[in-house]
Structures are given as structure tokens and as C-alpha cells.
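Peer 1: Submitted below is the structure of interest, expressed as C-alpha cells.
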2 protein chains.
Amino acid sequence: MRQRRVPDVVVNRLPLYLRVLSEIDVDHAPIISSYELGERTGITPGQIRKDLSMFGVFGKQGVGYDVSILRGELRRILKLNRIVNVGLVGVGNLGQAFLRYGADRQREILSREGLRMRAAFDQDERKIGRRIAVVEVYPVARMPELIKKLDLKIMILTVPAGAAQEILDRCVASGVKAFLNFAPVKLTVPAGVRVHHADFTLQLESLAYYSREWEGNEEQTNIESGTD
Amino acid sequence: MRQRRVPDVVVNRLPLYLRVLSEIDVDHAPIISSYELGERTGITPGQIRKDLSMFGVFGKQGVGYDVSILRGELRRILKLNRIVNVGLVGVGNLGQAFLRYGADRQREILSREGLRMRAAFDQDERKIGRRIAVVEVYPVARMPELIKKLDLKIMILTVPAGAAQEILDRCVASGVKAFLNFAPVKLTVPAGVRVHHADFTLQLESLAYYSREWEGNEEQTNIESGTD
């Protein structure tokens with residue numbers, strides 16, 4: 001049977017499952033229940049079973065999932081079972097920080113997981129040719145050529161807000177379909193192209209909920225609606 | 001009635017609802033249905049109604065939610081109806097990028113929403129006293145004093161992995177209960193303290209799913225389980 005398109009929220013949870021599974025020593029714990037996976041991800045066991053069943057992945061009733069098989073399935077579903085080459089545009093403070101962060105992660109986990117940082121691009125001539133962490137900085141003008149040559153599948157945008165749309169359009173024209181955008185701006189994309197916004201503000205806002213005393217939180221969750 | 005503790009996944013969705021509501025011109029669209037809110041957030045209308053009902057917030061049957069009231073309720077639930085002071089520790093590349101990013105966002109949205117970046121801390125004496133965007137850099141030794149004086153409720157950790165746990169412990173000892181951690185390391189925290197990990201890798205991994213042709217995605221979602 002062919003399945004319908006999987007909702008984005010489900011896809012976004014898969015890396016979290018994979019992360020937890022990757023941390024498990026299979027020799028000591030070859031099987032994981034949806035309950036345990038729930039404990040370690042903060043997602044309900046029912047939701048986890050539902051998410052995985054969307055990809056035709058089912059655990060053994062009353063036993064759980066085979067950790068190493070489930071890991072393999074998730075890598076395959078996420079296309080992380082082969083190398084996914086990543087580029088970055090905009091080598092300012094954030095771009096440089098990201099490249100160094102990416103290099104640290106690559107040593108730990110990225111290389112295992114299929115993501116590979118391959119190139120950075122900038123307009124500033126003084127930055128061209130520099131190496132930052134594992135990658136070289138190329139001129140933006142060479143982007144179309146290098147997207148093809150290096151098979152860049154995901155582009156990280158750490159450019160100023162005003163430049164983001166134009167850079168994205170140029171990447172899309174060269175065939176890139178997936179972006180992680182750090183520029184605080186809404187981007188317009190054609191169908192079939194995916195942009196994730198790395199929005200720290202949303203994370204800070206949900207943290208605000210936890211920033212006061214727990215007693216206070218509990219009291220304040222009891223709010224009567226003013227909408228009816 | 002008193003309600004049970006709200007699941008973290010629900011709390012994490014609230015800022016997304018608030019974001020969408022903040023973008024609506026209330027004069028032209030005073031009411032929003034859970035269907036519209038779903039279209040704009042990617043979350044199902046049923047889930048939205050369930051999330052909001054956990055806080056006693058209900059829409060009018062067949063009509064929807066009053067945008068401006070719902071906005072107010074969400075701000076109150078998230079404690080963003082008063083100033084939430086934020087500090088940052090570690091003024092390296094990432095810390096500096098974050099401070100500049102925070103300042104840009106503050107002009108647009110943060111100040112309205114209650115979050116206020118107030119201070120940065122570093123060990124490096126050459127950085128002490130510098131101003132980066134809107135804040136001053138103080139020595140880490142003055143953290144306990146300034147957490148109290150400036151009423152810092154959320155701390156952003158942009159320190160090296162090896163320093164994160166110690167810095168967190170010192171902040172916790174001074175009463176901070178909420179952290180946004182950028183260091184690629186697991187942190188141990190006492191009950192009642194909340195750490196969000198700003199993990200770009202998870203975002204990149206879910207992007208990998210979208211990085212190939214759509215046809216390919218659809219074909220590959222049909223995977224038979226090997227676990228049973």
C-alpha cells in the first residue's frame with residue numbers, strides 16, 4: 001500500500017527517537033518498550049507507537065522494539081543512511097559559531113548520522129579561502145557550481161535578514177530543497193521546498209513558563225476562559 | 001478545580017500559537033478558528049483545542065477564539081505578561097551571535113512579549129566591561145549577585161561543553177530555574193529546574209527527510225517492520 005504524506009510534526013519527532021536509541025548500549029539493552037522510549041523523550045508511548053506505525057514500523061506486542069533494527073529504520077526513513085551534504089551561507093558571528101559547533105558535533109555524532117558539513121559561502125572577499133573548523137569559505141558567486149559538485153542537499157542560512165530571500169532563491173534554483181534558516185525573516189518558497197526556522201525566541205518563550213516557582217505555575221494553569 | 005501538571009510538549013506549542021496570534025491584525029480578523037490556527041501552525045485543530053482546554057481556555061462553538069483575548073491568556077499562561085529577565089553566560093562566537101540576534105528580535109518582538117536580555121557573563125578579563133548589542137559583559141564571579149539584583153529568570157548557556165555543568169550549578173544555587181543550553185552536553189539538574197537544549201542537529205536531521213525528491217520520500221515511507 002502507498003501511504004499519505006506524513007505530517008511534519010511526526011517527522012520532527014523522529015530525530016528525537018533516533019537520538020535516544022543512539023545512546024543505548026545494544027549489548028545490554030537490545031529491546032526498548034514504547035513506555036521507556038516515552039520516558040526518555042517526553043512523548044507519550046501512544047504517540048510514539050502511532051508515529052512509528054505511520055512508517056509501517058511496529059513493535060512486538062508486550063515486548064517492544066528491537067533497538068538496533070529501529071535505529072536502522074529511522075535512519076532509512078530520515079535518509080540518514082547515506083551521506084547528506086550540508087552547506088552554510090553567511091560566515092558572520094553566527095555562521096562561524098555554527099561551523100565550529102557543527103565540527104564538534106561531527107566528531108561525536110554527525111558523521112555517524114549521515115550529515116556532513118561540506119562548504120561555507122560569503123560575499124566578503126576577506127573571508128574567501130579561509131578555513132573555519134572543517135570547511136572552506138567560497139564566494140557566493142560559486143554557489144550554483146558547488147551545490148552541484150559537492151551535492152549539497154541542505155543549506156543553513158546565517159545571512160542578514162535582508163539577504164535571506166535572495167540567497168534562498170538562488171539555492172532553490174540550483175536544486176536545494178531543504179533549509180535551516182537563522183535569519184529572523186519569513187521566507188517564501190515554492191512547493192516541495194522545506195524551510196525550518198531556528199527560532200530561539202520560541203524556546204525562550206516556553207522556558208518563561210518554567211522560570212517561576214512551580215507552585216505559581218500550578219495555580220496559574222487554572223484559568224477560566226474569557227472567550228465564551 | 002486544580003489541574004494536573006501540563007505536559008512539556010503542550011507548553012512548547014503555546015509560543016507557536018502566540019506567535020501566529022501576534023501576527024494577526026485584530027481589527028480585520030478579531031476571531032480565529034482552531035482550523036485556521038491549525039493551518040498556520042501545522043498542528044491539527046483537534047490538538048490545538050485539546051492543548052488550550054488544558055488551561056481552561058475554550059473557543060465559542062462553531063465560531064472560534066477571540067484573538068485578542070486568547071493572546072492575553074497565552075501571555076498570562078506563559079508568564080510573558082510581565083518582564084522576564086534573561087542572562088547569558090559565555091561570550092564566545094555563539095554567545096556574541098546570540099546577543100546580537102536577541103537585540104534584533106527585541107526591537108521586533110521580545111520587548112512586547114516580556115523577554116528582556118539583561119546581562120552577559122564571561123571569564124575572560126578582556127571581555128569584561130564590553131557592551132555587546134544591548135548588554136554589558138560582567139565577570140562570572142559576579143553572577144550570584146547580579147542574578148538577584150537584575151532578577152534574572154532564564155540563563156542562556158553558550159559556554160564550552162566542559163564548563164556547562166559547573167556554570168549551571170552556580171546559577172541554580174542562585175535561584176535560576178530555567179536554562180537554554182547550547183553546549184553539546186547532557187546536564188544534570190535538580191527537580192523543579194528546566195533545561196531546554198538548543199539542538200541544531202535534531203533540526204538538521206528532520207530536514208534530511210525533506211532533502212531528497214518528494215517522490216522518493218513517498219516511496220520510502222512504505223517500510224515493512226523488521227521488529228516483528
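These residue numbers are counts, starting from 1, taken along the chain as shown.
Any Cβ shown, glycine's included, is placed from N, Cα and C.
Whatever TrEMBL says is automated annotation, not expert-curated.
As the structure is a computational prediction, the values presented were derived from the model and not from experiment.
Sharing the record's features from TrEMBL:
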| type | residues | note |
| --- | --- | --- |
| DNA_BIND | B:16-55 | DNA-binding region |
| BINDING | B:GLY90, B:VAL91, B:GLY92, B:ASN93, B:LEU94, B:GLY95 | NAD(+) binding site |
| DOMAIN | B:79-186 | domain 'CoA-binding' |
Peer 1: Counting other CB atoms within 10 A of each CB, which of the binding-site residues B:GLY90, B:GLY92 comes out lowest?
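Peer 2: Checked B:GLY90, B:GLY92; of these binding-site residues, fewest Cβ neighbours within 10 Å: B:GLY92.
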Peer 1: Could you tell me which of the binding-site residues B:GLY90, B:VAL91, B:ASN93, B:LEU94 sit with their CB under 8 A from some CB of chain A, listed in sequence order (or 'none')?
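Peer 2: Correct list, in sequence order: B:ASN93, B:LEU94.
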Peer 1: What counts of helix, strand and coil residues does DSSP assign across the DNA-binding region (B:16-55)?
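Peer 2: The breakdown for the DNA-binding region (B:16-55) reads 24 helix, 2 strand, 14 coil.
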Peer 1: Average pLDDT across the domain 'CoA-binding' (B:79-186)?
Peer 2: 88
Peer 1: Of the residues in the domain 'CoA-binding' (B:79-186), how many are helix, strand and coil by DSSP?
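Peer 2: When I sort the residues of the domain 'CoA-binding' (B:79-186) into the three classes, I find 44 helix, 31 strand, 33 coil.
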